[in-house]
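Comments concern the structure below.
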Amino acid sequence: MSTRTPLMAGNWKMNLNHLEAIAHVQKLAFALADKDYETVEVAVLPPFTDLRSVQTLVDGDKLKIKYGAQDISAHDSGAYTGEISGPMLSKLKCTYVAVGHSERRQYHKETDEVCNAKVKAAFKHGITPILCVGEELEVREAGNAVAHTLAQVEGGLKDVPAEQAESIVIAYEPVWAIGTGKVCGADDAQQVCAAIRGKLAELYTQELADRVRIQYGGSVKSGNVAEIMAKPDIDGALVGGASLDTDEFVKIVRFTEQ
Ligand SMILES: O=C(CO)COP(=O)(O)O
């Protein structure tokens with residue numbers, strides 16, 4: 001296990017309305033009331049429509065759970081129907097925002113250039129981007145998983161200064177392991193995450209690379225999280241389906257207690 005504070009984050013995707021969000025976060029906070037949040041950071045990424053409710057709850061009850069959005073516009077304001085901007089998210093005190101999730105790359109054709117603009121928009125408004133990267137099955141089978149993923153890291157960080165890059169979170173999410181129940185072997189995940197750290201050292205410095213948190217995402221469950229988190233270059237998990245089940249997510253967050 002690494003010395004960086006693990007970030008265990010739940011990406012709810014397009015699930016849970018704002019009332020369900022309130023119930024879910026309350027239950028989570030209650031179940032984690034004794035947790036030392038200095039040793040593990042817990043975050044949820046609800047849909048946009050839930051964020052105000054989650055913010056009110058977290059602020060009102062001084063919860064230690066952090067929250068963020070699943071996407072951000074590259075633009076600050078203007079004629080961009082349906083988009084949500086950095087100023088809007090920072091007004092809601094979002095700590096994090098996912099950028100370039102594979103579902104955005106796949107269904108909304110987000111390129112590395114778009115992801116790069118979104119990473120910059122997040123930093124501009126004081127929100128920490130969780131840059132999602134990872135290869136499709138064909139790419140892995142062709143032996144190009146590492147090269148493909150590193151190109152996404154480099155593209156997402158183009159012209160991002162070190163003062164900002166040092167606080168980015170990178171989520172390695174092999175596309176073939178998302179929502180499929182096929183978890184990437186812990187050794188394979190470690191190999192790519194170590195390569196990502198190597199790329200950060202090449203783009204910036206080793207010191208900076210050593211500070212950045214790299215999460216693994218893709219079919220993380222309570223039964224496999226400990227093995228994944230035991231790897232030296234994996235500093236957290238980005239959890240999809242299993243984060244919707246409060247009890248299961250609590251077990252994932254409590255991975256050190258298993
Ligand atoms: O996409 C993911 C998190 O962002 C992973 O989803 P699953 O945990 O459902 O595989």
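Note that Cβ sites are derived from N, Cα and C of the backbone, with glycine treated the same way.
The active site, electrophile annotation in TrEMBL covers H101. Counting every protein chain shown, the Cβ of H101 (active site, electrophile) has 28 other Cβ atoms within 10 Å.
The active site, proton acceptor annotation in TrEMBL covers E173. A C-beta separation below 8 Å, combined with a sequence spacing of at least six in one chain, links E173 (active site, proton acceptor) to H101, S102, C132, V133, G134, Y216, G217, G218, L238.
Residues or ranges marked as substrate binding site in TrEMBL: N11, W12, K13, G179, S219, G240, G241. Taking a C-beta cut-off of under 8 Å and a sequence gap of six or more, G240 (substrate binding site) has these contacts in its own chain: G10, N11, K13, I178, G179, G217.
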Cβ-centroid neighbours of substrate site N11, W12, K13, G179, S219, G240, G241, 8 Å, sequence order: I178, V239, A242, S243, L244
Contacting binding-site residues, sequence order - W12, K13, G179, G240, G241 vs ligand 1, Cβ under 6 Å: G179, G240, G241
For the binding-site residues N11, S219, the one whose C-beta sees the most other C-beta atoms within 10 angstroms: N11
Those binding-site residues listed as G179, G241, and which of them has the most Cβ atoms within 10 Å of its own Cβ: G241
Residues satisfying Cβ distance under 8 Å from W12 (substrate binding site), sequence separation of at least 6: A21, V44, L45, P46, P47, D50, Q70, S243, L244
